[in-house]
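A.B. asks: Heads up, here are the entries from Swiss-Prot:
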type	residues	note
BINDING	GLY155, GLY157, LYS158, THR159	ATP binding site
REGION	1-77	region 'Domain I, interacts with DnaA modulators'
REGION	77-110	region 'Domain II'
REGION	111-329	region 'Domain III, AAA+ region'
REGION	330-451	region 'Domain IV, binds dsDNA'
Amino acid sequence: MTENEQIFWNRVLELAQSQLKQATYEFFVHDARLLKVDKHIATIYLDQMKELFWEKNLKDVILTAGFEVYNAQISVDYVFEEDLMIEQNQTKINQKPKQQALNSLPTVTSDLNPKYSFENFIQGDENRWAVAASIAVANTPGTTYNPLFIWGGPGLGKTHLLNAIGNSVLLENPNARIKYITAENFINEFVIHIRLDTMDELKEKFRNLDLLLIDDIQSLAKKTLSGTQEEFFNTFNALHNNNKQIVLTSDRTPDHLNDLEDRLVTRFKWGLTVNITPPDFETRVAILTNKIQEYNFIFPQDTIEYLAGQFDSNVRDLEGALKDISLVANFKQIDTITVDIAAEAIRARKQDGPKMTVIPIEEIQTQVGKFYGVTVKEIKATKRTQNIVLARQVAMFLAREMTDNSLPKIGKEFGGRDHSTVLHAYNKIKNMISQDESLRIEIETIKNKIK
């Protein structure tokens, strides 16, 4: 990369980071690369699924950086992974044929869903360790964490990660013997083979795998047909003894798998246990920003933030909300999804789903003020003494965490401040919490008073 190309690309990244939320930047921009700038055309390498986002949101960034560095209008030519020939062990491997090879494999054997990958999994603080462990397992199956046990509530991405592990291994080794199956289906297969007196076939099928991916293992903990846990125990031992990778997911920790034999619980804890929790606001915004690329509608930022505030339990609710909105927008022949349209579309889902308590921002300001010994008037004003600034930033942080208000709306409630001020306060307090345990306890105490 020439000096001018480096300056240009650094400026593109700088402008993008200043305009986007951190989680959005990390997902859509961080992994992109500038290959060259030739004849006023910037060739940029990125994931193909992110092209539409760049076209919609970063054109002005490219133009600005282009005029600053080259004093010219720079256009963009996007290059995708499947277009690049990657030399590996002196063999050129093209990603597109690899993907075709994956799709052409007998899916009845692995039952993997090819749409799930690490590349399209949105990372946040709530799932970072689970993702890192999953990637490590996919890179060196059977040697790193065996078994890998991922637990968390429904709709948080456990099934996505299971399939991503399998697909990643299969891309590197198309001959790998992989099986994705729910614990419920494992039980069903066991019952069928018992009835047909073909247990040898079941043993052959599962005990000679290279990678076993079991979803919702808690189903095995139910009181099932005698011998099911015994068979799974023997399958587990056969695979583990041969250094074959096992990955399990559950809605609870191994120790809370009631009615499961102790010897199985013990084995589930041999490797690594990681937790996935509900996505925070910033991750939900990134998830929505990614998902709306699948729809032919315009979603203004305030609409995205509104939706992110409405559903805080899992990703499936967010996906369902977008489907509801698509239905209403198509019926009304609307191109731009305003907050009002979104609210109308998701009304039934909100009534049927878990209710979010509506917390006035003024209540947050009041409780924060009482805790830190300042008035609401001081929180809204411009005075910058240390205790008032801390109270103000904590109140902004909680307003974003505990309400569905957009950043501009929150800023308005704090003396008409700009949305960037709110975002700065939110990021600052979030960073401080990760380093200051006493502040984290203070904020939890305030949250409990508000609730």
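Going from the start of the chain as shown, residues are counted 1 onward.
Each Cβ is built from the backbone N, Cα and C atoms, and glycine gets one as well.
Values in this document were obtained by computation on a predicted structure and should not be read as measured data.
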A.B. asks: Count the residues of the region 'Domain IV, binds dsDNA' (330-451) that DSSP assigns to helix (H, G, I), to strand (E, B) and to coil, and report the three numbers in that order.
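C.D. replies: Reading the DSSP string over the region 'Domain IV, binds dsDNA' (330-451) gives 88 helix, 1 strand, 33 coil.
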A.B. asks: Using all protein chains in view, find how many other C-beta atoms are within 10 Å of the C-beta of THR159 (ATP binding site).
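C.D. replies: There are 19 such Cβ atoms around THR159 (ATP binding site).
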A.B. asks: Which chain neighbours of the ATP site, leaving out GLY155, GLY157, LYS158, THR159, have a Cβ atom within 8 Å of the mean position of the site's Cβ atoms?
C.D. replies: GLY152, PRO154, LEU156, HIS160, LEU161, THR249, ILE276, ASN314, VAL315
A.B. asks: Which of GLY155, GLY157, LYS158 (the binding-site residues) has the most other Cβ atoms within 10 Å?
C.D. replies: GLY157
A.B. asks: Please work out the mean pLDDT for the residues of the region 'Domain II' (77-110).
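C.D. replies: Taking every residue in the region 'Domain II' (77-110) and averaging pLDDT yields 49.
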